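Here's the structure, in structure tokens; my notes come after.
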Amino acid sequence: MWPQPHLPTHPHLPTHPHLPTHPHLPTHPMMSKETRQSKLAEAKEQLTDHHPQTNPSVGTAASDTKKKKINNGTNPETTTSGGCHSPEDEQKASHQHQEALRRELEAQVHTIRILTCQKTELQMALYYSQHAVKQLEGEARDLISRLHDSWKFAGELEQALSAVATQKKKADRYIEELTKERDALSLELYRNTITDEELKEKNAKLQEKLQLVESEKSEIQLNVKELKRKLERAKLLLPQQQLQAEADHLGKELQSVSAKLQAQVEENELWNRLNQQQEEKMWRQEEKIQEREEKIQEQEEKIREQEEKMRRQEEMMWEKEEKMRRQEEMMWEKEEKIRELEEKMHEQEKIREQEEKRQEEEKIREQEKRQEQEAKMWRQEEKIREQEEKIREQEKKMWRQEEKIHEQEKIREEEKRQEQEEMWRQEEKIREQEEIWRQKEKMHEQEEKIRKQEEKVWRQEEKMHDQEEKIREQEEKVWRQEEKIREQEEKMWRQEEKIREQEEMWREEEKMHEQEKIWEEEKRQEQEDKMWRQEEKIREQEEKVWRQEEKIREQEEKRQEQEEKMWKQEEKIREQEEKIREQEKIREQEEKIREQEEMMQEQEEKMGEQEEKMQEQEKMRRQEEKIREQEEKIREQKEKIREQEEKIWEQEEKIREQEEMMQEQEEKMGEQEEKMWEQEEEMQEQEEKMRRQEEKIREQEKKIREQEEKIREQEEMMQEQEEKMGEQEGKMCEQEAKMQEQEEKMRRQEEKIREQEKKIREQEEKIREQEEMMQEQEEKMWEQEEKMCEQEEKMQEQEEKMRRQEEKMREQEVRLRQQEEKMQEH
């Protein structure tokens with residue numbers, strides 16, 4: 001056994017605490033040859049020193065032993081030669097044996113060199129692979145920390161989405177409450193308009209009566225003057241007693257008239273006070289309405305600010321999602337690199353296993369060769385006993401070397417154990433990587449959950465659309481109720497016409513009775529004074545009602561404007577959601593749809609203008625039936641427009657389905673464009689129909705003017721009839737019995753007037769209830785403002801959290817950049 005040379009460590013490889021120190025090859029291959037030649041020369045010198053020619057004692061001893069062995073027949077080589085063996089043959093045999101040993105040593109040294117070179121290469125590869133694995137471990141830790149941050153951020157985003165959803169629900173509830181209040185106010189306004197119209201008609205009738213009473217007053221004054229003249233004449237003719245009686249009678253009549261006048265004055269003062277109080281209440285209501293409008297404007301501004309904040313947050317969310325996607329892409333790339341390194345590690349492990357197998361085979365071969373050499377050595381022991389001492393010394397050296405080799409083998413076994421431990425560590429790292437893979441799968445599952453939440457949001461939006469359709473159905477019900485109320489108004493008009501006919505009959509009868517009975521006329525004058533007072537009260541009430549109606553109309557207009565703003569805001573929100581979910585390829589379709597929406601808005605504006613015209617025409621009392629027909633046509637048009645809107649909604653749903661099937665969408669685009677053209681043609685036809693309706697309305701206005709001219713002609717005929725009634729003074733005696741019946745009718749009218757006063761009181765109570773409702777609404781507005789403040793505080797807290805998250809993301813980006821720079825440096 002020959003000693004193995006000491007292999008120094010490689011100078012270029014850095015020492016690592018985890019890597020074991022192994023023996024390496026020398027830096028230059030010529031050093032091994034020189035050492036080998038020097039050792040061979042020393043062995044030759046030792047052999048020459050121990051040769052039998054130089055040392056006779058050794059030779060004799062050797063010859064004696066050889067002879068004994070030859071005689072015993074133990075050596076097969078010397079038995080054939082007949083007991084003679086020359087020293088030259090021994091030298092040749094020893095020389096051949098040394099050459100064979102040299103060849104074996106050279107082969108072993110060559111294999112050792114190859115193995116050491118392979119070992120150094122493997123150690124280098126192992127070092128670089130371990131270094132790369134450590135870098136990947138650091139990157140994996142960074143990625144895990146980022147994943148945790150991203151999970152936290154996703155949770156915060158979910159909380160923000162839930163908060164936004166709650167805010168949206170609150171806004172929807174507030175909108176529903178406003179719509180309910182608007183409907184209630186519209187009904188009250190409609191009732192007030194009906195009562196106003198009734199009061200106007202009554203005022204017109206009372207004005208006509210006033211005119212008649214004034215004419216009667218003028219006639220009575222003339223009669224009084226004539227009576228005074230007659231009295232003056234009678235004073236001259238009649239005695240003083242009769243004059244005193246008549247004067248007393250006239251004085252009593254004057255006192256009664258003065259008392260009636262004072263009562264009328266007091267009543268007028270009371271009515272004036274009531275009017276002032278009602279005006280003050282109306283002013284207060286107007287101030288409250290203005291304050292509410294200001295609050296509503298402030299709330300709208302706050303809502304706009306919140307919408308802007310929401311838009312900004314959505315933009316930040318999109319940016320962060322893009323960053324998360326980029327980070328995921330980086331994670332995928334790093335995972336691919338890790339996989340490549342794992343494959344390389346597997347290849348290196350296979351190479352190591354192959355090398356170990358080769359080493360084991362070489363060891364087996366070496367053992368077999370050693371066994372053969374030992375057999376040869378045993379055969380040559382008899383011949384080379386002289387060299388036994390040297391060989392023993394060499395064997396001692398070899399034993400020492402073998403001990404060193406055993407120690408080296410132990411070291412190798414320890415190194416193998418360490419390598420196995422490292423392999424275990426690598427397996428643990430692989431397990432950690434598998435856990436990272438599982439975490440990524442969890443992230444994908446969370447993304448799927450987020451997508452499901454988005455689908456839920458879409459479903460909620462569809463529910464909102466269904467609610468809007470329900471609101472439209474409620475509006476249709478309100479329209480039907482209005483039609484019923486209009487039918488009731490028609491019935492009231494018919495009753496009022498009957499009352500007018502009765503009043504005309506009254507006028508004719510009054511003219512007949514005025515000429516016959518002056519005293520009865522005075523009683524009637526008292527009744528007429530009462531009627532005048534009542535008429536003044538009614539006028540004051542009508543003025544108050546008119547003012548209330550004007551204020552209510554202004555409130556309705558403002559509410560309509562607010563509703564339009566809310567609708568516009570909802571449309572903006574819908575457009576934003578559509579823009580977020582639609583892709584770049586559908587932008588052209590969105591532009592077309594927006595153009596259609598603009599056309600629809602223009603048509604709606606035109607319809608609004610037409611509705612205003614219709615409202616102006618509704619004031620014409622005698623054309624309500626024709627206007628109703630027009631309103632029915634307009635409703636049909638609105639229903640058509642709603643159907644078109646539903647078609648547009650259906651088209652939008654089709655567009656969403658087309659996002660998944662883009663190939664089918666390209667084929668259906670042509671069909672959709674054709675449908676759009678057909679819809680535009682239908683819109684043009686509708687515009688033509690609207691123009692025709694306007695022409696019909698103008699024709700109706702002409703007819704109304706003709707009817708007014710006819711009414712004037714009828715009034716002239718009535719005046720002629722009144723002149724003819726003067727000729728019928730002789731027939732008034734027969735109508736005295738009818739006067740009693742008419743007095744009963746007057747009493748009934750007084751009862752009706754009292755009932756009207758009760759109704760007016762009920763209206764005042766309703767106005768008070770409205771004021772209470774307004775106060776409750778103000779309290780609700782205050783509560784809503786407080787909630788809005790709380791929401792703003794929450795939004796500020798969320799913004800602070802978002803800023804902190806942005807700072808964390810920036811720090812992570814800086815770390816990533818530093819890591820990338822380090823990777824580039826390596």
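Using the three backbone atoms N, Cα and C, a Cβ is placed for every residue, glycine included.
Quick look at what Swiss-Prot annotates:
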- 157-822: coiled coil (COILED)
- 31-52: compositional bias 'Basic and acidic residues' (COMPBIAS)
- 53-63: compositional bias 'Polar residues' (COMPBIAS)
- 71-83: compositional bias 'Polar residues' (COMPBIAS)
- 86-100: compositional bias 'Basic and acidic residues' (COMPBIAS)
- 658-678: compositional bias 'Basic and acidic residues' (COMPBIAS)
- 686-826: compositional bias 'Basic and acidic residues' (COMPBIAS)
- 1-100: region 'Disordered' (REGION)
- 297-327: region 'Disordered' (REGION)
- 345-425: region 'Disordered' (REGION)
- 502-534: region 'Disordered' (REGION)
- 547-646: region 'Disordered' (REGION)
- 658-826: region 'Disordered' (REGION)
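Panel annotation: around the region 'Disordered' (297-327), residues 143, 146, 150, 153, 157, 160, 164, 167, 171, 562, 565, 569, 572-573, 576, 580, 781, 784-785, 788, 791-792, 795, 798-799, 802, 805-806, 809 of the same chain, lying at least six beyond its termini, place a Cβ under 8 Å from a Cβ of the stretch. Break the compositional bias 'Basic and acidic residues' (686-826) down by DSSP state and the numbers are 140 helix, 0 strand, 1 coil.
Secondary structure by DSSP for the region 'Disordered' (297-327): 31 helix, 0 strand, 0 coil. Shown for the compositional bias 'Basic and acidic residues' (86-100): DSSP residue counts in helix, strand and coil, namely 14 helix, 0 strand, 1 coil.
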